[in-house]
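First the structure, in the form of structure tokens, and then the observations on it.
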Amino acid sequence: MEAPRGYNGSAPSSGPAVFFLSGIPGLENFHLWISIPFCSVFTIALLGNLLLLYVIKTDASLHKPMFFFLCMLASIDLVLSLTTMPKTLSIFWFRAREISLTGCLVQMFFLHTFSIMESAMLLAMAFDRYIAICHPLRYTTILTRSLIVKVGLVALARAVFLMSPLPFLLRRLPYCHSHVIAHCFCEHMALVRLACSNTRFNNIYGIIVVFLVVVLDLTFIGLSYAKIIRAVLSLASKDEQLKAFGTCISHLCAILIFYAPVILSSIIHRFGHHVAPHIHILLTNFYLLFPPMMNPIIYGVKTKQIRERVFHLFHRKSF
């Protein structure tokens, strides 16, 4: 890979470090072509989530717990998209690869913080489906607006608490090797690889965070759906079972498109030493870009109230 102009391969002698994002290693000659699907997905994600927020905000009939959680999910997806894609596209289009250590740490903090929040929202939405199916008569009394706000604040507090140590842990590391980050954006392990001191604590802390977020959240989601399935199977008619389970399809799709790439990427990162770097980076971009694009589509298609409201909105503007 060609070194960025003005970079001599060594760390600055003083002041904050400057890093260079490589984009997708091995595919530099195709960056302009790769930017087309990236930009398309980014645009769809922005428009889809903004439309979803607008529809829910302007329609009083959608002011219900499930849709409040969906608003939180859409807001998180917007932040995730805006955290990574502008810089990624600037690399593809203008070769603007330089990023300061502070800028890198800020991007990393927002990226991981809001990824953790998205996992928390998917867990909260599983709880919402559990209450709606297993305790329908108590749904509105349990999931009050006050509780929903508290859930959002707890999700934010957990993410910030887990991610706050990372910028300080990374800033104390000496970066005396190459300052070229083999990625489109700054992430924890990409920076750790460039350090020339013992990074065991960073590695252990990263594994602890993954366990506290992915493993625990998936465990509680699994428990929620185990109770949901038991409640659905206890219903008398097949139509009632299909109707009850149909309310969970959108959420199950959102879980699949979020967690499957995260788990696969984590496995490849730790055990797939012979996997080409561009495969890992493309997969990482996939799990950051695909859920924000697909969530509005999934909920727009599968949720009757949102679908009807969107059709009404565009039908009204066409006349």
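In case you wondered, yes, glycine gets a Cβ from its N, Cα and C as well.
What TrEMBL says about this one:
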- 48-299: domain 'G-protein coupled receptors family 1 profile' (DOMAIN)
- 30-55: transmembrane segment (TRANSMEM)
- 67-85: transmembrane segment (TRANSMEM)
- 105-127: transmembrane segment (TRANSMEM)
- 147-170: transmembrane segment (TRANSMEM)
- 204-223: transmembrane segment (TRANSMEM)
- 244-267: transmembrane segment (TRANSMEM)
- 279-301: transmembrane segment (TRANSMEM)
Taking residues 6+ outside the transmembrane segment (244-267), which of them lie with a CB under 8 Å of any CB in it? 73, 118-119, 122, 125-126, 129, 132-133, 210, 214, 218, 221, 225, 228, 231-232, 235, 280, 283-284, 286-287, 290-291, 294-295, 298-299, 302-303
Checking distant contacts: for the transmembrane segment (105-127), what same-chain residues at least six beyond its ends satisfy Cβ-Cβ under 8 A? 66, 69-70, 72-73, 76-77, 79-80, 83-84, 87, 99, 151, 154-156, 158-160, 162-164, 166-167, 170-171, 185-188, 191, 209, 213-214, 217, 220-221, 224-225, 251, 254-255, 258-259, 288, 291
Quickly jot the same-chain residues contacting the transmembrane segment (67-85) by Cβ under 8 Å, restricted to those at least six beyond its ends, or write none. 38, 42, 45-46, 49-50, 52-53, 56-57, 107, 110-111, 114-115, 117-118, 121-122, 124-125, 128, 145, 148, 151-152, 155, 184-185, 254, 285, 288-289, 291-292, 295-296, 299, 305-306
Please indicate, using numbers and ranges, the residues of the same chain that are 6 or more beyond the transmembrane segment (279-301) and have a C-beta under 8 Å from a C-beta there. 24-25, 38, 41-42, 44-45, 48-49, 51-52, 70, 73-74, 77-78, 80-81, 84-85, 88, 111, 115, 118, 182-184, 187, 250, 253-254, 257-258, 261-262, 264-265, 268-269, 272, 307, 310
Looking only at residues six or more beyond either end of the transmembrane segment (204-223), which have a C-beta under 8 A from one in the stretch? 116, 119-120, 122-123, 126, 162-163, 165-166, 169, 188-189, 192, 255, 259, 262-263, 266
